[in-house]
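Annotation source Swiss-Prot lists phosphothreonine at Thr5. Per Swiss-Prot, the feature NADP(+) binding site maps to Ile48, Thr49, Gly50, Ala51, Asn52, Ser53, Gly54. Feature annotation from Swiss-Prot assigns substrate binding site to Gly177; the stated evidence is similarity to another entry. Per Swiss-Prot, active site, proton acceptor is recorded for Tyr217.
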Amino acid sequence: MAVGTAAALLAALGGILWLAARRFVGSSVQRLHQGRDSGLMRGKTVLITGANSGLGRATAAELLRLGARVIMGCRDRERAEEAAGQLRREVCPAGGPDSGPNSGGAGELVVKELDLASLSSVRSFCQEMLQEEPRLDVLINNAGVFQCPYMKTEDGFEMQFGVNHLGHFLLTNLLLGLLKSSAPSRIVVVSSKLYKYGDINFEDLNSEQSYNKSFCYSRSKLANILFTRELARRLEGTSVTVNVLHPGIVRTNLGRHIHIPLLVRPLFNLVSWAFFKTPEEGAQTAVYLASSPEVEGVSGRYFGDCKEEELLPKAMDESVARKLWDISEVMVGILK
């Protein structure tokens with residue numbers, strides 16, 4: 001029995017390693033824009049929420065390479081400044097300071113404090129943006145909370161719905177004027193394939209009656225898509241586009257609230273190494289939607305791996321999208 005078990009484990013391990021080898025030989029990281037496009041985003045200002053780690057950090061690095069002025073909107077200023085310093089050393093020549101938007105090299109990094117779990121923080125951040133920034137070419141709603149235990153935001157909202165949907169809903173609405181005055185401009189929303197397992201229960205949006213952390217995450221990601229589609233409808237004719245994406249399964253710290261048994265962790269780590277995307281790979285669709293001429297004027301669409309994908313009918317329900325918008329306006333205080 002022991003010999004058989006060992007043989008099975010070795011076979012499974014061999015299979016994983018073989019698949020991993022195929023994956024890395026066939027799909028090493030391919031940056032969307034090579035040297036000839038290194039200045040594609042020069043002169044443009046991009047705001048990325050949650051840019052100090054994971055997908056957000058990788059997205060910031062790619063856009064910095066393309067010459068953008070990148071504003072990192074992050075909850076923890078100290079961690080964000082540390083990440084910004086690392087990015088400057090990685091991307092900017094000779095580890096020096098930012099080259100600046102007009103230097104012909106890498107772009108510029110700016111750190112601003114933004115806590116999406118606090119509507120007052122969102123308002124203060126937007127006020128600072130409107131006072132200090134003359135333009136905003138791209139807004140990337142990237143920050144997120146993933147399957148956390150039940151907790152509430154500063155304003156009393158279930159954390160995942162509050163941060164992933166409501167915080168970004170208010171942020172986007174307060175910055176729309178700046179985006180319109182900077183047009184043509186773009187909004188990029190990071191959702192997830194897990195939206196498929198969510199539903200919008202208008203009777204219990206705050207999960208007061210029951211809480212399932214997986215379902216609530218999926219619901220918040222479905223809300224991201226419905227928000228995108230309704231916003232695209234409202235922005236028709238403004239030269240401001242908005243699209244939504246799923247990054248795939250990515251190796252980030254987003255899953256820090258998920259408990260993996262100690263004995264299973266080595267296998268999980270091996271599987272994630274073999275099959276999950278790196279943050280750099282996962283960031284490519286966001287970079288594509290933020291910068292590529294191929295999607296100029298495209299709005300209200302859902303993308304994965306830099307290609308448009310189909311949505312389930314529940315993610316295209318216009319009546320649900322409008323109702324969610326109306327309720328969200330009240331929840332964040334845009335309408336009383």
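Each residue, glycine too, has its Cβ placed from N, Cα and C.
Features as recorded by Swiss-Prot, highlighted on the structure.
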residue	record	CB count, 10 Å
Ile48	NADP(+) binding site	29
Thr49	NADP(+) binding site	25
Gly50	NADP(+) binding site	27
Ala51	NADP(+) binding site	32
Asn52	NADP(+) binding site	25
Ser53	NADP(+) binding site	18
Gly54	NADP(+) binding site	21
Gly177	substrate binding site	12
Tyr217	active site, proton acceptor	25
Nearest-integer angstrom distance between the alpha carbons (Cα) of Ala51 (NADP(+) binding site) and the residue listed as 'active site, proton acceptor': 20
Extra residues within 8 Å (Cβ to Cβ centroid of Ile48, Thr49, Gly50, Ala51, Asn52, Ser53, Gly54), NADP(+): Leu55, Gly56, Arg57, Thr59, Ala60, Met72, Gly73, Cys74, Ala83, Asn142, Ala143
Mapped DSSP class for Ile48 (NADP(+) binding site), helix or strand or coil: strand
Ile48 (NADP(+) binding site) to Gly177 (substrate binding site) - Cα separation in whole Å: 17
Inter-residue C-alpha distance, Tyr217 (active site, proton acceptor) and Ser53 (NADP(+) binding site) (nearest angstrom): 19
